[in-house]
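What follows is a set of notes on a single structure, which appears directly below.
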Amino acid sequence: MKRYVYIDDDESSHDIYCDNRISNRKYTVLNFLPKNLWEQFSRFMNQYFLLIACLQLWPLITPVNPASTWGPLIFIFAVSASKEAWDDYNRYLSDKKANEKEVWVVKKSVYIQAQDIHVGNIVWLRENDEVPCDLVLIGTSDPQGVCYIETAALDGETDLKTRVIPSACMGIDVELLHKIKAGVIECPSPDKDIRRFDANMRLFPPFIDNDICPQVHVYDVLNSWNRNETKMGMSRGIPEPKLTAMDAMIDKLTGAIFIFQIVVVLVLGVAGNVWKDTEAKQQWYVLYPHEGPWYELLVIPLRFELLCSIMIPISIKVSLDLVKSLYAKFIDWDHQMIDLETSIPSNATNTAISEDLGQVEYILTDKTGTLTENKMIFRRCCISGNFYGNENGDALKDVELLNAVSSGSSDVIRFLTVMAICNTVVPMLSKTGDILYKAQSQDEDALVHAAARLHMVYFNKSGNILEIKFNSSILQYEVLETLEFTSERKRMSVVLKDCQNGKILLLSKGADEAILPYARTGQQTRHFIEAVEQYAHLGLRTLCLAWRELKKDEYREWSLMFKEASSTLVDREWRVAEVCQRVEHDLDILGVTAIEDRLQDGVPETIETLRKAGINFWMLTGDKQNTAIQIALSCNFISPEPKGQLLSIDGKTEDEVCRSLERVLRTMRITTSEPKDVAFVVDGWALEIALSHYRKAFTELAVLSRTAICCRVTPSQKAQLVQILKSCDYRTLAIGDGGNDVRMIQQADIGVGISGREGLQAARAADYSIGKFRFLKRLILVHGRYSYNRTAFLSQYSFYKSLLICFIQIFFSFISGVSGTSLFNSVSLMAYNVFYTSVPVLVSVLDKDLSEKTVMQHPQILFYCQAGRLLNPSTFAGWFGRSLFHAIVVFVISIHAYAYDKSEMEEVSMVALSGCIWLQAFVVTMETNSFTILQHMAIWGNLAAFYVINWIFSALPSSGMYTIMFRLCRQPSYWIALFLMVAAGMGPILAIKYFRYTYRPSKINTLQQAERLGGPILSLGTIEPQQRSIEKDVSTLSITQPKNRNPVYEPLLSDSPNATRRSFGTGAPFDFFHSQSRLTHSTSYTRNCKDN
């Protein structure tokens, strides 16, 4: 659908198009309350608690005051709503700042706010001004109509881009722009593609000689749309929320508790009705009526439902949200993850998935700019079969090449000319008079600088005229057309006119497979192919250079087709590529360049450390296979022979890929039982066939392989590979630095972006951003592991404290006629859930079971997190049993000490509540590994606050607790009862913990003991693998998918490595979780892989 934008026609634009006001707010003042409540009640747990709170408003069935549920519910909703309101207010302030920026409107000759700009207005921007909306460039102060823009706000790219006004606007004085009275831009409807704007412009100014200007093409400039119709506004999407493995487990455990609660309610409800009909009606003091309403049978079950509703902790959601926000802040505040070179800190954009960092099993990484520095250095070249730079590794210092340049060798001169001007580089003069180059890619920058050092200096660009200086002569070229680089064509070309002799030339550069097949008939390309292979084996990036002379008639005919394709509004990109193909042939191959991209500091050490942690690595790159392999070898990605083995999947047809994949699978199945590092390498073409026709076989290969190198892959293929690993229930982390990595980053469970030389697009789309690859080690081992451990304890403790008080209520029902009567009053229940037991556990965010130094020295302990050792049905059963045991202890001692004729019910209630508070304080103390002053204050200060609060309530006659706490604290029996509760409740737990710590210590226990004693760790032993089964029949490629996984879990407090759900092989001292044989054969473990 087409749109027509009329220049400076305010009347029509006001009615048709929206204004330019930016609004990223989620709420307004009027809809905040209803919208926020709707969002909060869309969650099942909130709906459940709302239902419970509403049932408590029925006086006939509620065992406690409704405030015991409504109070915590309103408090938690208020906290969540306050957080949402604060975030939305910050967005409002940001929008307000952008909307109120002043912009000069040419026609009105006044400054207006950016929000008041309308479609069709002509605005005037000065140097370094921020672009307020999508604009079409129609004039600049440069005589040639050129301007330079930075698109970092759109795509994260920090290099300057060149924009040129359309030819129809050439010659219009900037001061006369306000006199334009008629003009129209024909363009498609707004879209979110920030790299394309296909449009045609017609101008009808009264001061132009001809009445109608020729139709021209405005390409890759900003559209004149406002607000959410801009490219950025339409590109701004809402990312799908990511559910962590721990959140999924908590949801399952919550469901299990809910089912248990229903069973308890039904059993107690039936028992209550039976007791009522058999025993209660025989007791004169009960006063049950002989006939009740029709719903009488539901009263007691509903009472127990309300009584047992606290089994599911009402505060768990807000508690987890709070601590996860703190985890994210710890990452932001980590000074050890600041890149000192660029002063870029780490940043956590997603605050909800920090614990998933500790469970990462696969890392999929880009190469250029992620593992390497993306600082390109020209090292070698091959010109007309002659190799330069092979001896000293630097072609710029090669005597033979320098002599060829000084002697004016025609082949070398043409080669250097293509290096210097076949690009989109913009030369600029610095204040000191030096030439600075603004390039859109680091490769182009390296080539232009190398040509300059070889005396082919590109020093000026004036409009379409390029000027280069070779020795003492100046050469001029006029740019006729630019055939831009695309990922499909893998090459770029420029059509030039040599101003010295009038010849029309086509200069091209690109990948070898995009240049060499189009060589002119009869030209030998063997030397160039050898050069590409040789340079790739050295890990260098290669580009082939070529040129061709065009006849004037041929160019004239082709130019008409190119302009026609460039001006179409339908399938423009495809039609332009087709026209480019008509001229990019019969090329005269000039040579091959080799550019070095150095590894970042610390990359080999980081990969080696994370491999010891059991993390597998896949490299997904667009480079050549040999280049990727050499980089992989240099950064410990793969091991050389004989320790390692690299298998290749190749082929151009389905049959070839089928045979290759079958061969690799057979070899992989045989070698998985051997202590050998086996990896496979595949190129984009074979990968496309494998994913399309042999997806199950490739999925099995992904399960078997610890390392993979995927070359010449597209962004969509990167995302597909991530999806394959996720379908096999692996936790994936994708890391990259460029726009082509965004899809992979968003698809992975965790996305990490590197703020590098390719811009900020990947960093902005990621969950976490870091300055260098080496910081990934600390992000995973320190922040990820600590977050997992802390969240595992917090979530299970939240259920423990709720189950503890609920079990006491259930036990009390057996001595209260199974009537659903509550032992505790409403104030105590509300304070218990919200204050008494929440404050101590929140400081668990500071707990560290091991020091950061120990964790970094022994990365193998990450296996406990990967295997879900601290939060699973078995550990939860342990906490469930602990709460049941503690409830029995508290109830029995309280009843025997104070029940029956010894005291009133309020005293029994307060004794039981005091026992719960003391027990939870000692539980938190026992589970805390490292203490700080803040933790001591939270645990023991909270205990003291319990007594202060209850003393205050005991002093109020209307509180229902009048004098209770004063009387209890004066009684020795109260303190003796509390001592017995703590001793009986904590004694067995401490005994079990001591036994396991002494006689069956885990690897973590061993490290903890070594830290306390300050001595070295000579050996930590090995771990018994829990292995998976893999089909061994490889007669065909109809691969049987592995069956459902049956994880083995351990009881509470067990840290023995025998229950891990991964296969880790054997290990040597200091390598107690040796990870090279993770996939050995057994029938005791299977992996769940979904069909794709």
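Note: Cβ is positioned from N, Cα and C throughout, glycine not excepted.
Remember, predicted model here, so these are calculated numbers, not experimental data.
Here is what TrEMBL says about this protein:
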{"type": "TRANSMEM", "residues": "44-61", "note": "transmembrane segment"}
{"type": "TRANSMEM", "residues": "253-275", "note": "transmembrane segment"}
{"type": "BINDING", "residues": "ASP366, THR368, ASP737, ASP741", "note": "Mg(2+) binding site"}
{"type": "BINDING", "residues": "ASP366, LYS367, THR368, GLU444, PHE485, LYS509, ARG541, THR621, GLY622, ASP623, ARG712, LYS718, ASN740, ASP741", "note": "ATP binding site"}
{"type": "ACT_SITE", "residues": "ASP366", "note": "active site, 4-aspartylphosphate intermediate"}
{"type": "DOMAIN", "residues": "763-1002", "note": "domain 'P-type ATPase C-terminal'"}
{"type": "TRANSMEM", "residues": "803-823", "note": "transmembrane segment"}
{"type": "TRANSMEM", "residues": "829-846", "note": "transmembrane segment"}
{"type": "TRANSMEM", "residues": "879-898", "note": "transmembrane segment"}
{"type": "TRANSMEM", "residues": "910-926", "note": "transmembrane segment"}
{"type": "TRANSMEM", "residues": "933-953", "note": "transmembrane segment"}
{"type": "TRANSMEM", "residues": "973-995", "note": "transmembrane segment"}
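Between the alpha carbons (Cα) of ASP737 (Mg(2+) binding site) and GLY622 (ATP binding site) lies a span of roughly 13 Å. A Cα-Cα distance of 19 Å separates ARG541 (ATP binding site) from ASP741 (Mg(2+) binding site). Summarised as a single figure, the pLDDT of the domain 'P-type ATPase C-terminal' (763-1002) averages 88. Fewest other C-beta atoms within 10 Å: among the binding-site residues THR368, ARG541, ARG712, ASP737, ASP741, that description fits ARG712. Inclusion criterion for the binding-site residues PHE485, GLY622, ARG712, ASN740: a C-alpha placed within 10 angstroms of the C-alpha of THR368 (Mg(2+) binding site); this criterion is met by GLY622. Counting only residues at least six positions away in the same chain, the Cβ atoms of MET619, LEU620, THR621, ILE735, GLY736, ASP737, GLY738, ASN740, ASP741, MET744 sit under 8 Å from the Cβ of ASP366 (Mg(2+) binding site).
The Cβ neighbour count for PHE485 (ATP binding site), using a 10 Å radius over every protein chain in view, is 19.
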